[in-house]
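Can you keep this structure in mind? I'll have questions shortly.
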Amino acid sequence: MAITNKLIITLLLLISIAVVHCLSFRVEIDEFEPPQQGEQEGPRRRPGGGSGEGWEEESTNHPYHFRKRSFSDWFQSKEGFVRVLPKFTKHAPALFRGIENYRFSLVEMEPTTFFVPHHLDADAVFIVLQGKGVIEFVTDKTKESFHITKGDVVRIPSGVTNFITNTNQTVPLRLAQITVPVNNPGNYKDYFPAASQFQQSYFNGFTKEVLSTSFNVPEELLGRLVTRSKEIGQGIIRRISPDQIKELAEHATSPSNKHKAKKEKEEDKDLRTLWTPFNLFAIDPIYSNDFGHFHEAHPKNYNQLQDLHIAAAWANMTQGSLFLPHFNSKTTFVTFVENGCARFEMATPYKFQRGQQQWPGQGQEEEEDMSENVHKVVSRVCKGEVFIVPAGHPFTILSQDQDFIAVGFGIYATNSKRTFLAGEENLLSNLNPAATRVTFGVGSKVAEKLFTSQNYSYFAPTSRSQQQIPEKHKPSFQSILDFAGF
């Protein structure tokens, strides 16, 4: 009899716990405000799990995505290339007016090549995507060279002559660069002391008499120096010998090495601080877990970036991961996909129709959009492509079927704040309970379930089956049996 009673009690307890456990995952209907009459149901998703298979596939034509064909070849030869995106305002004048003065480019140098000395009428920051090399900076008072490698961030100050050597014998040197012109918004020029196949020397802007007097040499010698490279058909990226590489790299130092103590003017110290490289991977990732890592150099922490208000970032995502939805308060990110493909989603107040060739403000009189609609921007972004994330726009990235690597330049990064909308640490879970009820029309328990169920911060698995449930949330049936006397 006693055993029968224990069994009955045990079964009742098990049934009660199971019912409570199931109810805890239900949406409590009475805590929702009743829908307004005429309210329509949202778009349905295709059936399927969260692992990437079955996700709703959609491709929209919008100005935030720049495919490989968007690049123009500024220079190309068998030794390497320089490819530049058009001005962002040429693509969408109204949308990208805030970043009109910024240009994005890619540089690739084949093994054992040399990018000839030149300077820009612009400031530039590049990230080394692949390979190793040496960069040397030269002024009329000082010169300094550095070894550079994958993950290095290098500032090239406006007007400072520099040249780059790919010291590797097998691997190309690849750079992603953001450039900030100082003369004409969105337009900059390279200035070369020596002529090449497609570039004139800036000495061509002076008369022979002036040059001969300035250098104190005969005009015949001057002519050979200025025009020789052009006559033999060499480009701005040239093949060099192992001995030349050894000579060019002989005095290069690692960015981590301290400068030798010597007397120098304060302005020279400032310049040397600006052009000293640093490595993103030497910085602890600001976001990191099993599903992704995010390294970021902020202008408040690096003198090289401070006056440009630019951040440099490197993101690594594993297959089947999600960079949780978030937005940047002031920063617009220009993002380059270094490897893999991913699904990019973003909320925007601007509407774009499939096949639309004109964006708001392009070729038409600008009119303020007072629409309250939010539109979904969706793209599959792949290796070699660029996408833009404007300030204030909530977005997310899903690496569904492969690992994903991207680098980014954050424009107007000073005093910008990144706010996550989902994850263990998120904006919505911090709302006052009363504000939550008024805003979303749900009770506190439902809000807590909605905004605190994610067990990961920053990066999360796309499959719900991979979501780890903390031990404290798991039902302990053994404790029930213990209570019943088994």
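Numbering starts at 1 and runs along the chain as displayed.
Note: Cβ is positioned from N, Cα and C throughout, glycine not excepted.
Below are the features I grabbed from Swiss-Prot:
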type     : residues : note
DOMAIN   : 64-223   : domain 'Cupin type-1 1'
CARBOHYD : N168     : N-linked glycosylation site
CARBOHYD : N316     : N-linked glycosylation site
CARBOHYD : N455     : N-linked glycosylation site
REGION   : 34-60    : region 'Disordered'
SIGNAL   : 1-22     : signal peptide
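Neighbours and distances for these, please.
Under 8 Å, Cβ to Cβ, and six or more positions away along its own chain, N168 (N-linked glycosylation site) finds P111, T112, G131, K132, G133.
DSSP assigns N316 (N-linked glycosylation site) to a strand.
For the recorded site, N455 (N-linked glycosylation site), the DSSP three-state label reads coil.
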By a simple count of other Cβ atoms within 10 Å, which of N316, N455, the glycosylation sites in the record, is least packed?
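Taking N316, N455 as the glycosylation sites, the minimal 10 Å Cβ count falls on N455.
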